[in-house]
Amino acid sequence: MDRAVSQVALENDEREAKNTWRLIFRIAILLLTVVTLATSVASLVYSMGASTPSDLVGIPTRISRAEEKITSALGSNQDVVDRIYKQVALESPLALLNTETTIMNAITSLSYQINGAANNSGWGAPIHDPDFIGGIGKELIVDDASDVTSFYPSAFQEHHNFIPAPTTGSGCIRIPSFDMSATHYCYTHNIISSGCRDHSHSYQYLALGVLRTSATGRIFFSTLRSINLDDTQNRKSCSVSATPLGCDMLCSKVTETEEEDYNSAVPTLMVHGRLGFDGQYHEKDLDVTTLFEDWVANYPGVGGGSFIDSRVWFSVYGGLKPNSPSDTVQEEKYVIYKRYNDTCPDEQDYQIRMAKSSYKPGRFGGKRIQQAILSIKVSTSLGEDPVLTVPPNTVTLMGAEGRILTVGTSHFLYQRGSSYFSPALLYPMTVSNKTATLHSPYTFNAFTRPGSIPCQASARCPNSCVTGVYTDPYPLIFYRNHTLRGVFGTMLDGEQARLNPASAVFDSTSRSRITRVSSSSTKAAYTTSTCFKVVKTNKTYCLSIAEISNTLFGEFRIVPLLVEILKNDGVREARSG
């Protein structure tokens, strides 16, 4: 019994001893853990300088500043990336394309000469200075958003005058014609020694040149070849065009007054000539008895022609033989164009009757005055394969002087406002199979011409007239889809008299601030305008060749007026220069 009790007591003592050692072990482990943790914290604070709560207050600010620095750096890098992309993906290919176009134009000119042995003098095809590569015959201002009339001309700039002037009081220099290609320009005018009203004899000045920039950056027109066609041939109403073989020119040959010519029974003689790069001039008479079989009078449009699809295209106009096939097909055809926000109050039937009569003015014996387009193949043989297109009078007004223009991939016909419609007209033109098709025109309501009553500048109703003056517009501003938005030109800002020449930029309804040649009483006549860009500086310029009154030496002096196109948002019309 006692043994059993002793055994139980021994087991209890052993169990208590084990529990005691377990407690001591646990306490020791806990203390060791606390010491280790404290040591670790102390080491961390010592070795890493751990922040206290007060130190953490400025951390968000520092993080924000760091973010700004990183964002700024990334933004700067993005600007660099954007500039690189613009240069590599957009500007460089465009510059290369423009350079390629100009080189190909020059090569084309050379190939024409080489293949046809057209130039035996050793003179090569000329070309403008590199600063103009890609800036001629292009859509110069492409802008979908800006107000067209926020673009305006500067004051006229001094530059080298490449146009000869009269040298006597009775001398008459008139009817300028100008065209410029990617490689060279062509210019011509008519010279009469005994006053502007003499129709019996005149001679023609014809010149070929290139655009240059001087050492100081000034633009000048450099004449390389010129000729005075002073012979027994009386060339009139000449139009010129820059082609790969030089300067092609279309003229009529006349010895009678315009009224007498329209009253004759045979077409007017016409000649296709060319001033080559070697300075030699050659010409050939066209077979007008076949080409103008249905015509009694036929004249070039005075304005420049255009080289399109290996052919040179000229505007022509004249009188049709009554009851001829060409005359009969136009019978009962007419078109009425309306002024912007200024409707004709006449009855519609009366308007139609007057519109039909406008094609047969009494001045020319009631002949139908018709618009047409003549294209000739450009080769070493002059007058080759001429094709005449006569557009329907459901599109064109009474025939008048005109100009063919090419800007970018678009072609246009300007028609002088000789009939009742005063605002400037530009007909879009498409070409195919040697013929042309005209479409409904762009009209520029503020770009008017003076005229005799009832066809004065403010006229709004159809009437029979032969009036107006040649003042062509040049396509300047386009939408990105290549639709025309605005033009540049020098108008005569008078109601009836040929007075007050003024340059401006025009949209369909209004005009920009203007640059006047002189006072509002300044007499003037024909103007023809062409725009181009100096690619190096990205500056756009426009040249207006204008007939300005010159009382001391001759009745007129032809002056090349040069302006830069500037931009000023919100500015409408003001005086400049």
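Placed from the backbone N, Cα and C atoms, the Cβ positions cover glycine too.
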Please find, within the list 12-17, 234-239, 282-287, the residue stretch that Swiss-Prot describes as region 'Involved in neuraminidase activity'.
-> 234-239
What range among 66-94, 124-152, 240-268, 327-355 does Swiss-Prot describe as region 'Important for interaction with fusion/F protein'?
-> 124-152
Which of the recorded positions listed here (Cys344, Asn433, Cys461, Cys465, Cys531, Cys542) have a Cα atom within 10 Å of the Cα of Cys186 (disulfide bond)?
-> none
Nearest of the recorded positions (Cys247, Asn538, Cys542) to Asn341 (N-linked glycosylation site), judged by Cα-Cα distance = Cys542
Just give me the nearest neighbour of Cys531 (disulfide bond) among the disulfide-bonded residues Cys172, Cys251, Cys455, Cys461, Cα to Cα.
-> Cys251
Which of the disulfide-bonded residues Cys344, Cys455, Cys461 has its Cα nearest to the Cα of Cys196 (disulfide bond)?
-> Cys455
Counting other C-beta atoms within 10 angstroms, the emptiest spot among the disulfide-bonded residues Cys172, Cys238, Cys247, Cys455 is Cys172
Looking only at C-alpha atoms, tell me how far Cys344 (disulfide bond) is from Cys455 (disulfide bond), rounded to the nearest Å.
-> 13
